[in-house]
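Quick notes on the structure that follows.
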Amino acid sequence: MLQVTSEQWLSWLNLYFWPLLRVLALISTAPILSERSVPKRVKLGLAMMITFAIAPSLPANDVPVFSFFALWLAVQQILIGIALGFTMQFAFAAVRTAGEIIGLQMGLSFATFVDPASHLNMPVLARIMDMLALLLFLTFNGHLWLISLLVDTFHTLPIGGEPLNSNAFLALTKAGSLIFLNGLMLALPLITLLLTLNLALGLLNRMAPQLSIFVIGFPLTLTVGISLMAALMPLIAPFCEHLFSEIFNLLADIISELPLI
């Protein structure tokens, strides 16, 4: 009969527990997997599969599991995973911001529904753009690149409790400007054309006051906006590809700055 000693149990716990925390933190904040529609069992099972695949290749550590230092180490692993997943969310937040701006210009800001992920009201156009970005993310194998970056963190910042560089987290907060910058850049063509249309409607109202601009303007703005969205669709894929590449480069820079040397 196979007998397992307490030292072996602690060794296995030390080998798999710390990577599991980092992987779980990433899955809990990463795009797609962080959706509430994904069952918790699926998230846990995927995290365990990834952990069992990468843990045997990691350098051994002798951190006491039941100690105050282990508590700090657990917090550190969770922070690293959250930083990776949260940064990746910037790309999708930029696309959602573009959808909200476009919907506001088209007069669709009142058309909202409950987002199943956050349980908050989200404009319909923003949700459509978000779903399109998710599909493009899978098409570009973004999920595989994200897992690859996660594996790289175990070599750049091995499990051992080394202090983290606070400048890396400062760079993460500054990177939030990418949300508004890229969102505005994506929506800028439609903003310009719809603003021109609104100016033309304003001049028409001054020239012919008997015309009801509210009756004419809303369907005209909506029709032109939908037509412009259809024309913009072929450009969304290369834009999202560039946006994902920019975020992955940002992630690589943050990972390289995390160790405090």
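Each position is counted from 1, following the chain as shown.
For all residues, glycine too, the Cβ spot is worked out from N, Cα and C.
Over in Swiss-Prot, the protein carries these features:
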TRANSMEM  13-33  transmembrane segment
TRANSMEM  45-65  transmembrane segment
TRANSMEM  66-86  transmembrane segment
TRANSMEM  90-110  transmembrane segment
TRANSMEM  131-151  transmembrane segment
TRANSMEM  184-204  transmembrane segment
TRANSMEM  213-233  transmembrane segment
TRANSMEM  235-255  transmembrane segment
Take the C-beta pairs under 8 A between the transmembrane segment (235-255) and each of 13-33, 45-65, 131-151, 184-204. Which stretch has the highest count?
131-151
Who are the chain neighbours of the transmembrane segment (184-204) in space, where the CB to CB distance is under 8 Å and they lie at least 6 residues beyond its ends?
94-95, 97-99, 101-102, 105-106, 211, 213, 216-217, 220-221, 224-225, 228-229, 232, 236, 239
Determine which residues of the chain contact the transmembrane segment (66-86) at the Cβ level, with the cut-off under 8 Å and only residues 6 or more beyond its ends counted.
18-19, 21-31, 34, 146, 149-150, 153, 157, 159-161, 164, 168-169, 172, 251, 254-255, 258
Short question: which residues 6 or more past the ends of the transmembrane segment (45-65) have a Cβ under 8 Å from it?
10, 13-20, 23-24, 27, 33, 73, 147, 150-151, 154, 158-161
